[in-house]
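Structure first, then comments.
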């Protein structure tokens, strides 16, 4: 916990000036607030009490003290407002920095990290947890702790000036509060961390439900999803009840007992000290004593109220830092230069998980300008090969060599610079059609994008909206059909004019007419560049220079379409089955 607090505090250096101004203003607020009871004491002892004895009121002195009291409170109010405003602005800025850092870091994490963690949990840490840090640590807790600490010290000093013995007697509150807060922090932290984890689970479940709503409704899974979400909610309530019991006991019952006991002790002390005639007791002194006691317990009460928020903010901060501390991809500061795009896989072995290999001794050569197709049943290793080629993962052993250079010796960004990919399930970002094709690369002109759309036979998309290229695109491109999203993704690859093109099931989600359009464009765009294709429809790869047949992560057959048919092996069986199925249709 201490490490998380230190780390959160370390961000103050990014806005130290605003922090110092805010603290200075809060100190002025505290000083003026603490001086007000002394002004009231003087007014009672020097104006009101003499007037009650003599019947003559010193109006000038009364107005002076009243004006001074109002001035002190006005300054306290104004500086308190400005101090809180300044610290709140600092909080917004600091959390922006944390969010930017964690978002940037997430993009540098290996793809396998996202394989093991639901998207909802990651989103929760970047948005919800950072918001808790902003609202409950920088915005609230930090100011309250600093202000309350100064108020407690100031109240002790004021009481000491009034009566040193009473002040020394009240010092027992300090060790009691420290021990109590330490116990509270220790016991509450585990509950709060569990609560934050459960919130992440619920976010993940919500995200999964929204993404899969069509399947849920189609297969009548609403009750099951309701029950799963309710189970998590019930667990959250149970953990929350444990924290509430602790918080209610520690934050309210204990404090009330401590306050009432202290008040009783002060009354007894005053009775013994002053009423026996050993000291002079004035009405102003009684007022000041009671006022400072109230002001002593106000910050203690504020600290108690803020403890749960403080624990929540630290728990949220620890989850954010856990994400930020995930090891990023190790990058080599070495630029890769692709020339002809000759690709060699040399004894490549790969496992997503330790010792569970999905690729075994993969060897092949793709010469510059060749089209290489991978075929095989689900789980045969087709997509894994392309994942390695694109360096989403690195092989456990063996080499992937492009133009005589081992790709592991160069930065991933530079290796991918001359590659383009069309994924199995095309992803469109919220924005416009143009922004989804150029991906914010301003060097790509509208004319180049229109030309790319023409090559893939997708110019009809420009007529769907009066804004043409600049038509709005909503989340995941829901206004386009699956085939249209494929065409947009294909145009996106074309405008980057890659030396190496990867098509992962590029025509598997489109109808026969759209497939014919894409195949026609393929013949154009594949010319002069090395192209890798994965397709279930073997009719789409008949003209490939090389077809590699995979089974359980191993290369079973290799050759052209005609060569593999003559072998009468796995490929020939697959081709005949698809041909028969097509003729029956």
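From the backbone N, Cα and C atoms, a Cβ is placed for every residue, glycine too.
Note that the structure is a prediction, hence the values are computed from the model and not measured.
Range 21-40 is the one annotated as transmembrane segment, of 21-40, 101-120 (source: TrEMBL). Ranges compared are 165-185, 186-206, and TrEMBL records transmembrane segment for 165-185. A mean pLDDT of 88 is what the model gives for the domain 'ABC transporter' (343-577).
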